[in-house]
Amino acid sequence: MSSNQYTAGAVILAAGKGTRMYSDKPKVLQPLLGEPMLRFVYRALDPLFSKAVWTVIGHGADMVRKAFCHEDREFVLQEKQLGTGHALQCAWDKVTASGIDYVLVINGDTPLVRPDSIVRLLDRTAGSGADVGFITLTLEDPAAFGRVVRRHGHVAAVIEAKDYDTAQHGPEPREINAGIYLLKVAAVSPLLPLLTNANASGEYYITDIVELAVRQGLRVEGVECGNDPDLLGVNTPAELMRSEELLRENIVTRHLHNGVHVHAAGSVRIGPDVVIEPGAVIHGPCELYGNTFVGAQAVIDSHCWVKDSRLHPGSTLRNFSHAEQAEIATGAVAGPYARLRPGAVLEQDARMGNFVEMKKAVLRKGAKASHLTYLGDADIGSEANIGAGTITCNYDGVNKHRTVIGEKAFIGSNTALVAPVSIGKQALVGAGSVITKDVEDGELAIARGRQKNLRKTRHS
């Protein structure tokens, strides 16, 4: 970020293990509405700081890198997790080499932080020429958050909860440190080597920079933000659940205000990247994640799960259906109890009924597979009809093979199509057949044992 007065970048502290999460996954990768927590921090910072963002990683570093391997992110490794102050020291060479005037330092476990909160900190600190600024909150229960100590209204220090001593520091305040700082690079550089680990945790605290700055006569700003819950960190499963619920409610409310009809809104989960056009209808409970698009007048019934899929205007996904990397065109209907796996496509007015599974398969315009069917690696022509119990046998144990069915073809119930195989236009396959050879246009194919009726005897 740059203005007429200063330039700024950001350091995200994301090296912690998150012991209180009781998970093998790094804390910053804990999911919120299908996305890792850290992605929400990036979402808030990217518009403000462009590419001048460094992420300090440590515990599970390879997992974090892998989670963001398709994004242009710059990581700094903290080999030993010796505290937040040490994490900042690890990134400081990058900060100074960039030539920026101010650096924002923020924990990677603040997924609900909003750009406007960051802008407020920038304005109050860099905008006024202060050397150190940080966001504070006032809570009824300060819990385990660092306490802000003031002298005559001015910030004097930030003391971690476990180190707070009323005999030494005075009555315990309700003002806490939100863990979001703005530091003037030139002013803070001499302070970093002065950090010590003489505390209950034996770690180097970034909070000590505040007290050091006060002692050096630097200007320190505590930017008060009331009791804004969006600025609280996430350390436990309960706090993760709280943050996810706040995020879920905000996203659903935004879609309601944009003209989306959401029924049983309290049971609907919508990811941050999901796009829903006005007039679409969503029935809860259901879950929509990833880069999903739902067009105007599309309907998603209750108990559906959708990820990275496109539901075009006027399409329908009926109850208890599952769609991932799939596409449903205008007028097409899938479900109830349908499973659309990656590569499943329903073209205009196609029908996919109950207990039908599709993967890398296309139902062309007006084609129908109404029930109890598996279609894999298949192209089903327009207005073709797939009878109940039909299976495309696409896997030979080594390779996958395709099945092609022509327009207006009719596949009888309980048919096995052994790929690679092609069924011609307007061809008819008798029920119960096992088809291993191509069927030409207009032909009738029957491949089943001949029925034989025997007279029933006394002992039969």
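Any Cβ shown, glycine's included, is placed from N, Cα and C.
Per Swiss-Prot, the feature active site, proton acceptor maps to His371; the stated evidence is sequence analysis. DSSP assigns His371 (active site, proton acceptor) to a strand.
In sequence order, Phe134, Ile135, Thr136, Phe145, Gly146, Arg147, Val148, Val158, Thr207 are the residues of the chain that are 6 or more apart from Asn177 (UDP-N-acetyl-alpha-D-glucosamine binding site) and have a CB within less than 8 Å of its CB. Asn177 (UDP-N-acetyl-alpha-D-glucosamine binding site) falls within a strand when secondary structure is assigned with DSSP. Feature annotation from Swiss-Prot assigns UDP-N-acetyl-alpha-D-glucosamine binding site to 13-16, Lys27, Gln78, 83-84, Gly146, Glu160, Asn177, Asn235, Arg341, Lys359, Tyr374, Asn385.
According to DSSP, Asp109 (Mg(2+) binding site) sits in a coil region rather than a helix or strand. Here Swiss-Prot flags Asp109, Asn235 as Mg(2+) binding site, drawing on sequence analysis.
Reduced to three states, the DSSP call for Asn394 (acetyl-CoA binding site) is coil. According to Swiss-Prot, the feature acetyl-CoA binding site maps to Ala388, Asn394, Tyr395, Ser413, Ala431, Arg448, an assignment based on sequence analysis.
What Swiss-Prot records for 1-237 is region 'Pyrophosphorylase'.
Residues or ranges marked as region 'Linker' in Swiss-Prot: 238-258. Assigned with DSSP, the residues of the region 'Linker' (238-258) fall into helix, strand and coil as follows: 20 helix, 0 strand, 1 coil.
What Swiss-Prot records for 259-460 is region 'N-acetyltransferase', and it gives sequence analysis as the kind of evidence.
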Three-state secondary structure, which DSSP defines for Leu13 (UDP-N-acetyl-alpha-D-glucosamine binding site): strand
For Asn235 (Mg(2+) binding site): intrachain residues, at least 6 apart, with Cβ closer than 8 Å: Gly18, Arg20, Met21, Lys27, Asp109, Ala144
For the region 'Linker' (238-258), distant same-chain residues with Cβ under 8 A (at least six beyond the ends): 21, 30, 32-33, 37, 40, 111-112, 229-230, 232, 265, 268-272, 274, 276, 278, 282
Mean predicted confidence [pLDDT] for the region 'Pyrophosphorylase' (1-237): 91
Chain-internal residues near Arg448 (acetyl-CoA binding site), provided their CB is under 8 angstroms and they sit 6+ positions away: Gly430, Gly432, Ser433, Val434
